[in-house]
Amino acid sequence: MVLLRVLILLLSWAAGLGGQYGNPLTKYIRHYEGLSYDVDSLHQKHQRAKRAVSHEDQFLRLDFHAHGRHFNLRMKRDTSLFSDEFKVETSNKVLDYDTSHIYTGHIYGEEGSFSHGSVIDGRFEGFIQTHGGTFYVEPAERYIKDRTLPFHSVIYHEDDINYPHKYGPQGGCADHSVFERMRKYQMTGVEEVTQTPKEHAVNNGPELLRKKRTTLAEKNTCQLYIQTDHLFFKYYGTREAVIAQISSHVKAIDTIYQTTDFSGIRNISFMVKRIRINTTADEKDPTNPFRFPNIGVEKFLELNSEQNHDDYCLAYVFTDRDFDDGVLGLAWVGAPSGSSGGICEKSKLYSDGKKKSLNTGIITVQNYGSHVPPKVSHITFAHEVGHNFGSPHDSGTECTPGESKNLGQKENGNYIMYARATSGDKLNNNKFSLCSIRNISQVLEKKRNNCFVAFQPPHSGSPLAVLARHTLERYASTLPGRVPASNPALTGNSSGETAWGRAQPLPRQLLQD
């Protein structure tokens, strides 16, 4: 009996120290472990990789043990998420910002693995996808405060994320009445009359049509403008950390959209063109529209929309606010015609006498008084962008299999655009339904040529491009429900694993220098 009591005390003490024995991290994360690798060593490796000239020296290596397994990470700077014109704006300054702390890689020797994240002050933060599921790594002090810890980071598995809430009454984007008000407002846009030069009616037959399709196919990248308010900055603490969070969100949606076939339109991807970081100093700036502490979700979206975003495909604001009714995001729904809003929409006059840009959306990382896990926030972003791309919420038996009485269909869960929260671990949770694909395809067909740009991969003979093609060819056959690698529109251009699924394609950044 005494021995049993001693054992219980030891287990309790160990759990309190390191989270090694099932300590919950938050009410949404029921188990984590601590990481305590040498941060000085990783920082030095990062500095060397940053200055490296040779291809081999550009790789960053990180080894650690957690959750009963070894992680042998091999990562390289990820430049695929930022455009050549990328700028960071803060406090009326515009900077050419260094993004060398953003990395993408894999676990050495584990086929199909994938990692994405950042290295700041010698600590890795991001996600690691393995055959056994996805692990998330974050700074320990983000969750555990006012305690001396024997570790600097926490790592937890996606299966230990328990998010029971709805994304608000209507999937994170407010209730039906809000959507109806938005829909009616979108119908009031006044189109500006512009003179477009008439094309000469030269009939070149199939050749002209073929050239037109080729030109359209090249425009597959949606360029983003992302602002963060002072509350988002206050939570994450530094510009580097804010940019890392933006990178993680964009990478997450990029892997989903890029590997989805929208009725023949493939390789849809995302790239950040500009970031505006409002720091805590901007809280008192009278020109900062997001400075007030209590702003409702509709008003918050309106403030974003009142700015001119003509230079971008989409413009988002990230915040750390607890909106009413558990709302995590809100966005204008795109349409192929007859209504303003969504991708590529230009600023115009509306019924309230204001000029607005409705190619906008917002997301928050807080819900019901707690911060949501990155996995939940990533899915929220994919959902809201899905609205911008033209998809309403899924409905009907075909596109809501999670509501089916058939256990086989129900087990696969619902799709990204389902009106309420998905757990993220079901087969369908990170895919678009046929309903969404049909709607998005129509909008892409009509609008993408208005603002999408062509993505130019690095030279096909570069070592990284060769590695990417080889990796793609090896794993494409194991990736269910995605565009096969044999498709010439995809091979050698992009493909990659998502932050959640256990067997999904590899991302474009492997092709990026």
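Glycine residues also receive a Cβ, built from the backbone N, Cα and C atoms like all the rest.
Because TrEMBL annotations are produced automatically, they should be read as predictions rather than curated entries.
What TrEMBL lists as signal peptide is 1-18.
Annotated domain 'Peptidase M12B' per TrEMBL: 220-456, in sequence order.
A simple way to gauge crowding: the CB of HIS393 (Zn(2+) binding site) has 22 other CB atoms within 10 angstroms, across all the protein chains here. The Zn(2+) binding site feature in TrEMBL is assigned to HIS383, HIS387, HIS393.
According to DSSP, GLU384 (active site) is assigned to a helical segment. A simple way to gauge crowding: the CB of GLU384 (active site) has 28 other CB atoms within 10 angstroms, across all the protein chains here. Residues annotated as active site in TrEMBL: GLU384.
Marked as region 'Disordered' by TrEMBL: 479-513.
Marked as compositional bias 'Polar residues' by TrEMBL: 488-497.
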Confidence summary (mean pLDDT) of the domain 'Peptidase M12B' (220-456): 94
